[in-house]
Amino acid sequence: MTVNLTSPGLLTRIRQSDLWWSFTHQRSAVLAAILLTVLIVSAFTAPLYAPQNPYDPAQLELWNAEIPPIWLEGGQWPYLLGTDTQGRDILSAILYGSRISILIGIASVVLALIIGIGTGLVAGYYGGIVEDALMRVGDILLSIPTILIAILVSAIVRELLPPSLRDVGAGGVLVLAIVLSGWVQYARTVRAQTAVERRKEYVQAAQLLKVPARRIMFRHILPNTLTPILVAATLNFGMAILTEATLSFLGIGMPPSQPSLGTLIRLGNQFLFSGMWWIVLFPVMQLCLLVVSVNLLGDWLRDALNPKLR
Amino acid sequence: MIVFLIKRLANAALVMLVVALMAFMIFRFVGDPIQLMVNEQTSQAERDALRERLGLNESVVMQYLRFVGNAVQGDFGISYRNQQEVMSLIAERFPATIELVLMATIISLVVGVPLGVITAIHRRKWYSEALQFVSIIGVSLPSFVIGILLILVFSVMLNIAPAFGRGDVVSIGWWTTGLLTPSGRAALILPSIALSFYQITLVMRLVRAEMLEVLRSDFIKFARARGVPAWRVHYSHALRNCLMPVVTMTAMNIGSLIAFALITETVFQWPGMGLLFIQAVTFVDIPVMAAYLCIVSFIFVALNTLVDITYALIDPRLRNSKA
Amino acid sequence: MILRTTLLAGVALACLATTGTAQTLRWGAARDINSLDPYSYGSTFTISFLNHVYEGLVRYDADLKIEPALATEWEVMPNNIWRFKLRQGVKFHDGAEFTADDVVASLARVSHPDSPLKGNLPAYKSATKVDDYTVDIELVGTYPLLLNDLTNIHMFDAGWLKEHNAEVPTDVAKKVEGYPTFNANGTGPFIVESRVPDSKTILVANTGWWDAPKHNLERIEFTPISSEATRVAALLSGEIDFTEKAPVQDLPRLAAAPNVKVMEGNELRTIMFGFNFQDKLHNGEPNLFKDKKMREAVGLAIDLNLIRDKVMRGKSRVTGTVVAPAIPGYDPALDTPPAYDPEKAAAMIKELGAEGYAFEIMCSNDLWVNEEEICNALVSMLTRVGLAPRLNIAPNAVQQVKLTNGEADMFAFGWANEPMLDSYSILLQTFQTKSENAGVFNWGGWSYPEMDKLIIAASTELDREKRLALQSAALKIVKDESIMLPFHQQPMAWATSDKVESVVQLSDNKGRHWLTRMAE
């Protein structure tokens, strides 16, 4: 899909669209969009203002461990939300952790989209053996529960990586683990739609005019399959963040040296009963806010794009 | 019909062969099994002898065939960590996971179906919107967070339900059940609630969507026009029509619930297959990992195949569609 | 497979017995035992648990002094032979009589080349039956510590081993389960009723025990709960009566709870960090840790007091030497930790050209008290003086293989000198040059011939004072050369529910529930 941002009337077109109407008339969707924007922007600009870089071990000072949030007795500037047992500033850790979670979420959705759309188009357009082979691979991947694939892949790939690459590669391994079963859904949707579109007259006309297959697929067929894909991608973004958090919580995701939200929850969980509730509560809240806002948006998008529910 | 059946079963068998291949690859290529078995004093000659005895010098194809042959007979070797037959380890844990999953499924239906009906019928009411919103939070909360919160509130603060384990169990043949003892039933409460949380929202949303569709259909409009009371229209006519997809989804989801249970089992230290698997992952206990993968996938594939075949029996049109 | 008859009997009992009676001790442990076979795994925790079921010829009393158990008396004979008189009238749990044949079979099994425990009996050569209640044990040479070793060599029934084809230790490679891995038949105060690995192991009191029981327990329900938070929750809600590992960060909360008692003390176990002494690091870079100056600089960069105060909540004992004060051979003159001086450390590192030096610190996350946090703190302290360490952390079972292969550049290490309770243990197993029986835990590959001489001399010195002087001299070399950097003696923290009247806690941190009394 190519969107020409400079074309005149784009804003007006958006404003007059059904989608925009539905968006502005659903408070939860607006709220979710604002919240999500704030979360993403704050996470990615964190290095500019966060009191600490939680990935730099030299900045962690054991002296400053276990400081409570600033509004409690013993709270200290600049540790607004307190510190953990290593002297890591919770606010900074959450912001940097969100950044990792969001990056992994985006990377895995984008990669899954690329693979899924590509596979789906090829399978749907050419049909026959190509279709059978590609879709069978998808069937097999869907025959194993997603979480199991993710755990196995991340555990095994990490084991196979040389030790020096394990921390650096942890994020990549997680993306791979999530993508491996994530692309199938897109591929199936696109294939089904492509198979239908292929038989339509406009495609046959294009074929007669000897328009290259690639061009037909991307310029003509793809745009017509995008609606369900968009909804699925939004919801899967939330799922990817959850899967990443779950793997990190189980101890096979991001390492403690570059904690994601799941890692922070895993580490903080040990201090649930020792009175240091802030170590685990704030990462939990951040994770929930993030996923809730994504899911609210996705939910609204699904309803808004579903002609039956209008 | 027979052709469809054979095709479907062949498909399932192919999937299982590929899963077995993956399991075998884990076996063969992650870490050197010899390295994991011997201690530091073992000499090179002894290592070679061990390699020979375990058949690691044969060709990879031969090893794979033997692996499949053994797996079909339920022989996945010996756990590196527990030094016990993997199959009997899993058999011990199997009842715990199944009881947890079935209980969670029951809870999800008992809670999810009425909620779905209510939100569909009173679509525009504030409580329906609120429930819709809560259901989004339900799918957004990771299940380990739900588990932690449940433990914190109900075990530690209120002290009304156990925080871990399975309580006392009673054996019936090779099956063990916690349902027959008070402590076993108490121990089941929190984990099954935690596991059902996500499933409740799924059921609720599915029922709602199906109900909305059915309520729009002509026969409901007709029934209304005939003056059938509203509650009968909703609960008898409409609900009955959307139960089929709910049952299908529930059946198909049991497989993924079994897999998902591993998170709940970890949080609650529930002695099921999932906890065994997670421990195997952290200890690189490859025979257990491979066996768990095969068994959970088998249940998953078997359920899916069963659902497909049942559907085909009910609706002959599906027999010709691509499997 | 679990022993089916026992399991069925267990079911019958489980139906009758209501759990939580005053005489059931519900033990929530930090980890499961590896096996019911004490010879299958060199794990101190597993062996100490199995001490409830199996016994040795001698045992430690409540002051950690050696006292008779299955042997009543012993004498040293010429030619390195020790003669043991066995206790008469002792019965195994299955009713078989304990005799000299059992001792010979057990010693043959534990010293078999496949046995992971053969290092625990380093001087053993052979055992012969003299009569039904007398056994001669022949050693390879003069050796002062045989009795200490024997405290944890458990006695099996020869007939039972033979019947179940278990006369040699279990061999994983044969693809068969070892019968003793899932079944037990000892002489000890408790009988194994049932076991489901990772879930529950149930012991019942042995009414036919040869010794007069001091405990009033009927059952022990042993449940591993690896998550610290869950363990604390279970204690607070009264679901378990005892844990041998209460998380130090939760001690105030536990102590404040009306239904929980906390018991603290310092363990004999010293936590330390060792270095690689090979030419290259694991990543192939030249190894600067071979230089003593580098090791000293690392020592100066670590604020041990801060780690004690923050990570260990003030509960550990900072140490300058690798053995605890209670261990024979300890020398107070060595017990002075290096003064924390990060500026000097940074200057030394600069001088050595080691700024930004990348290496790996290998730690486990399930072995020592708050090990993960100690290692994290270490990483940040070393980063601050200009090094670039990276943490490699995983469960011990995974790290063990890499450690024994010498893949660690710097590694966490803990040694309690158990079961020998003598500094000879750490000198022989860790600091002596790697050879046949020595240096099994010499993971860095160091070799100091002058220290080896002292250790070898100590191994045959029967005069205790002279022997300890030799060992102290060896420990001085360990310190002067900074082979390992000692951190602290770690705290032990047990917690019990109010149903437990008394528990005996000794500095070896082992549960001894044959001495435990529940409130009536």
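Glycine too: its Cβ is placed from the backbone N, Cα and C atoms.
Automatic prediction, not curation, is the source of TrEMBL annotations.
According to TrEMBL, the domain 'ABC transmembrane type-1' annotation covers A:98-298.
Taken from TrEMBL, the feature transmembrane segment covers A:29-50 (among others).
Marked as transmembrane segment by TrEMBL: A:100-125 (among others). Beyond its flanks by at least six residues, the transmembrane segment (A:100-125) meets 39-40, 43-44, 131, 134-135, 138, 171, 174-175, 178-179, 182-195, 197-198, 213, 216-218, 221-222, 225, 229, 233, 236-238, 240-241, 244-245, 254, 258-262, 287, 290 of its own chain at Cβ-Cβ distances under 8 Å.
The transmembrane segment annotation in TrEMBL covers A:137-157 (among others). Here the transmembrane segment (A:137-157) has Cβ contacts under 8 Å with residues 119, 173-174, 176-178, 180-184, 187-188, 243, 246-247, 250, 252-253 of the same chain, all six or more residues outside its ends.
Taken from TrEMBL, the feature transmembrane segment applies to A:169-190 (among others). For the transmembrane segment (A:169-190), the list of distant contacts is 100, 103-104, 107-109, 111-113, 115-117, 119-121, 123-124, 134-135, 138, 141-142, 144, 146, 149-151, 153-154, 157-158, 161, 222, 225, 228-229, 232-233, 236, 240, 243-244, 247, 253-255, 258: same-chain residues at least six beyond its ends, Cβ to Cβ under 8 Å.
Annotated transmembrane segment per TrEMBL: A:229-255 (among others), in sequence order. Beyond the ends of the transmembrane segment (A:229-255), by six or more residues, the same chain brings 100-102, 104-106, 108-109, 112-113, 117, 146-147, 150-151, 154-155, 158, 166-167, 170-171, 174, 177-178, 182, 185-186, 189-190, 261-263, 265-266, 269, 287, 290-291, 294-295, 297-299, 301-302, 305 to within a C-beta distance below 8 angstroms of the stretch.
Look at TrEMBL and you will find A:275-298 (among others) tagged as transmembrane segment. Proximity of distant same-chain residues to the transmembrane segment (A:275-298), defined by a Cβ-Cβ separation under 8 Å and at least 6 residues beyond the stretch ends, is recorded for 28-29, 31-33, 35-36, 39, 66, 68-69, 81-82, 84-85, 90-91, 93-94, 97-98, 101-102, 231, 234-235, 237-238, 241-242, 245, 261-262, 264-265, 267-269.
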Please report, as numbers and ranges, the same-chain residues at least 6 past the borders of the transmembrane segment (A:29-50) whose CB is under 8 Å from any CB of it.
22-23, 89, 91-92, 95-96, 98-99, 102, 286, 289-290, 292-294, 296-297, 300
